[in-house]
Structure formats: C-alpha cells, structure tokens
Amino acid sequence: MPEQPPYEPERAIAGTGMGGAMDLGASEAAGLEKAPGGPDGTGPRDKARSLWSDAWRDLRRNPVFLASALVILFLVFVSLWPSAIASGSPLSCDLAKAQDGSGPGAPFGYDGQGCNVYTRTVYGARTSVTVGVCATLGVALFGSVLGALAGYFGGVWDSVLSRLTDVFFAIPVVLGGLVLLSVVTSNTVWPVIGFMVLLGWPQLSRIARGSVITAKHHDYVQAARALGASDSRILLRHIAPNAVAPVIVVATIALGTYIALEATLSYLGVGLKPPSVSWGIDISAASPYIRNAPHALLWPSGALAVTVLAFIMLGDAVRDALDPKLR
Amino acid sequence: MGRYVVRRLLQMIPVFVGATLLIFLMVNVMGDPVAGLCGERACDPATAAQLKKEFGLDKPLWQQYLTYMGNVFTGDFGTAFNGQPVTELMGSAFPVTIRLTIVAVLFEIVIGITLGVLTGLRRGRPVDTGVLLATLVVISVPTFVTGLLLQLLLGIRWGWIRPSVRTGSFDELIVPGLVLASVSLAYVTRLTRTSIAENRRSDYVRTAVAKGLPHRRVVTRHLLRNSLIPVVTFIGTDIGALMGGAIVTERIFNIHGVGYQLYQGILRQNTQTVVGFVTVLVLVFLVANLLVDLLYAVLDPRIRYA
C-alpha cells in the first residue's frame, strides 16, 4: 500500500482512540463525512470501504449501540449540568426527614442522614463519569504507548515489560487499591484515577503489544521500510491505524469496569470519602439502614448498574462492528 | 514436559519477587509501622527509636525485604501487632476463604457450563438471547451491589438465609459463594457458549453424528470435551482472583476470612499481616496459573511442551 490509504482511517482513530467512549459521537461523525467519497477522489461506493466507515455503518443500525450511546450522552449531560434536572444541593440534608419515603422534590426519598436521594444520585454521575473517562484516557495512553514501543522494537525492553506486566497481573486489584489508597488523605478523584492508571496499564499494553506485533509483519510495513520511512513514521502512519481497533474495544469495556471499581473502593471506604458525592459512598452509607430504607440503597445501585451496563454494551457493540470475524 | 515445568518455575521467581517487592513498597508507603503500636497517642521518640531498632526498621528497605523473605521461606510470617503470629491468623482465615472459593468455583462449573452448553447449542434462539442479556446485566452490576441486594432479599425480606455468616461452614457460604462467583459465572457462560458454537461446526462433530452416535453422546463426549479447554483455563486463573477479590463479599456477609483479616490489617496499619497475606495470595495466583498451563497439555494433546 502506498501513502494515501492510511491517512483516511487515521483521522477516525485520532478521535476514537484517545477520546474514549465519550467522543464516539464526534469521531463517528468524521467517519460519516468520509463514507461517501474519499478525500482523494476514490469514488463513492465502488472502492472498498475502510474498516472504520464499515464499522460506523454497522453501529448506526445496531439498536444496542444506539440505546447505550443515548444513556451515555444523557450521563455526560447530567454530569456537566446536574442542576438542570435536580434542584438543591446534594450536601444539604435535614435529619428530620431521615429515611423518609418519596415526597415533593424528592422522588427517590431520603437516606439515613436525611439527604435527598434523587439529588445525590444525579450529582453522583459526575464522579463516575470523570473517573471512568480520565482513568481510561490515562490507561489507554500510557498502556498503548508502552505496549506499542515494546512490540515494535522487541528486544530486552520487550522482555522487561512483559515480566513487569506479569508482576502487576499477580496483584489483586481491590487489594492493591486498599493498600495504596488507604494512605491518601486528599479527597479528590485524582488519587483514585492515578491508582487505576498504575494498575490498569498492563492490560492495555499487552493488547497493544500483540496487535502491533501482528501488524508489523505485514507487507505494507516492509514496503514503507524499503522506501526509507523512519521508525516513528512507520509506527504512527502505518502500524497505529491498523493496530488500534482492539485497544479501542478493550478501553471502552474497561471504562465501565473502572466506574464499578471506583464505586467498590468508595464502598470500602478508601476511594472517595464524604463529603464527596459518589454512588459508592451512598451505597455504603445506605447499607446499615437496608432494613428500613432500602430505597436509599436501590437508587444509587441502579444508577451505577445502568451506567456500567451502558459502557460495557457500547464496548460490545463496537467490538462486533470492528471485528467482523465474530459474526 | 519436565523441562517445561522447570522453565515455568524459574520464570515464576522474578514475578514473585517483583509482586511481593511492590506490595512491600506499597505497604511501606502506608505509614510508620511503629505508630500503630502506640495506640491513639503519638509514640515517645525514644520508644519509637527503640522499637524501630528492635524490629530492624532502621535498616534500609531492601535489607528489610530480604530479611522478611528469608523468614517467610522458613515459615515465619512475623507477628501481628496484637502479639498473635501471622501464621495463626492465616490458619483461621484461609480455611474459610478456601471454602468460599470452592463454593464459588462449583457455581461457575455447574451453572456457568450448563448455561453455556444450552445457549451454545441453541444459538440465536430466545433462550440464547435471554441468557446472553442476563450475563451482560450480571457483569455490569458490581459485586457489592449484587451482594447487598441478595442480602436484602434473601436474608432480610424473605428470611431464607442468615444475613451474616457465623461459623463459615459450607451451607452458610452458599449465597456468598454465588455472589463471589457471579461475574466470573457470567464470563464462563459466555466463554462456553462461544466455544461450543464454534466447535459444533467442526469435522469431528460431523463425523460423530454421521457414524450414528446418539445426540447426548456427541455433546458430552466429543463436543464438550474439546470446548471446555478455554473454560478450564479461565476457571483456573480465576481461583487466584476469587481469593483476592473476596474482600468485598466477606465484608458484606461478615465472613472472617482472608479478606476480613486483610481489611482489618490495612485499617490498623498492621503491616505484617498485610504483607504476609498478600504474599500467600500472590503465590496461590502464580501456582494456579502454572497448574492451568500444565493441565492445558493434558486436555489438549495437540499442545506439546518441549
């Protein structure tokens, strides 16, 4: 393959790969633009379509994708402007109303401290979305760069990196989180995100390494090398566009699991701590009152489950679209 | 085969050293281990220095690590801050968690594989779609939510089980085991389904059908045997993950197992307990992985290790 074709998919990747799931809309818009007629006049439909425009065509028709994308868009909207659908502050609580059922302005009722469960559930979305997106971005960047370099250059660094990923895989994630985060006193999302990047990168570096090794033996890479292309050009222009699909799929599914992990760590008391607002904190706080006020437990749990489900289903749909072999 | 085992055992050493060293460093970041000994108040500096000298905490970190590992291999995991030897804590905690893991693995095998075979043979039918959707939901709901919900429904609303575990006998661990297994169970179902659906079209199945074997025998003897290879791998590697991930389940159902001891150890900055338990968990994980790799060769004769 000469120079032209790699340009096309690469633009789509710049959006999808690094933007995580949230940017899917934007990058797929790019895919949509280029679907009729390539930029270099390759003709509308008679030429073979790229993997990306094919995938986008599939996704648009997939009800699972549309449903999960809708849920995710809603979540992003809510985490940006929570006050649009919930009045009052999540931190203003009235002990007199503790454990009350639903009332005016509080469709989900009140929790053990008399806080409005609806408001807290709405405001909790921001934490989850921030943690999920930032952790995935960090893991995807860090992991795929390390994995791609190791896979491309091979040699000693590849062996060292492989052993290093083995080491990280041997440490149970929740356990590592408990140990590392129990010392943190800062009550922001950043230590949690940092921890996820620290323990999450090996997963993506393995995927990226594998797909770079597969891509590097293809003829077009040999051709590019024979034409005198530098390593960085081969990696960025030729290998990356062809190796990024599995990374995107794994990263999207991982986004959901990071959201679940944040809630788990907050539930155990080492993630975010009150007065931060997070579904994990709310579930943990509601569990002693499970007998009298189960609604305080059920609503944040439901929100958490739907969020994680949306991201996992989105990842599933993207995988089906990008990997036609599975059908 | 023998040479392969030796090579794998040798490869395990750097991973074991790396993982334990990492945990050792992490725990050291956890804070001053002596501070936990003086209770609420800060230690008197002279006492602190004396204690540090006594426990060898004034030495450089790498030296502490070497001493610790040397002791571990003679069976001495040190003493927890309440004076109990860590091995004693392990003796009471591990049996419970091992029972819990056994229950979980049994659930994975029985329910996961059965559902996987059923759906794999009926691909595209309503049963298949239904189970597939159910697995997605189970994977998406975090374990602690599943656990709390089952506790609420079965333990409090309907009174079928005791909401918290007392002795840790097998019958009490059924529901906690199911909770612990839930996510992996869904993965086992999906994995079995894919594998069965893939192998159903293979030549040996067609041969078996063609020579007139009953359907049941084709499925159990020919199809299942070959399809279970990836599933066995998954379940094997999952054992280590289940034991390490039991913290959440044990906390919900108040089970005094490994997760409980670790949680207490971390809260009270009881470094000896934490490092000791994690070391054992890492070993379990590595050995389970090794066994899975060896089992692979037994199950699949096409694989031969030189």
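Even glycines carry a Cβ here, placed using N, Cα and C.
Look at TrEMBL and you will find A:125-315 tagged as domain 'ABC transmembrane type-1'. The region 'Disordered' annotation in TrEMBL covers A:1-48. Positions annotated as transmembrane segment by TrEMBL: A:64-82, A:129-152, A:164-183, A:243-261, A:297-318.
Between the transmembrane segment (A:64-82) and the stretches A:129-152, A:243-261, A:297-318, the greatest number of Cβ pairs separated by less than 8 Å involves A:297-318. Ranked by the number of CB pairs under 8 Å to the transmembrane segment (A:129-152), the listed stretches A:164-183, A:243-261, A:297-318 are led by A:243-261.
Tertiary proximity for the transmembrane segment (A:243-261) is limited to same-chain residues at least six positions away from its ends with a CB under 8 Å from its CB atoms, namely 13, 16-17, 20-21, 51, 128-129, 131-133, 135-136, 139-140, 144, 148, 173-174, 177, 196, 200, 203-204, 207-208, 210-212, 214-215, 304, 307-312, 314-316, 318-319, 322-323.
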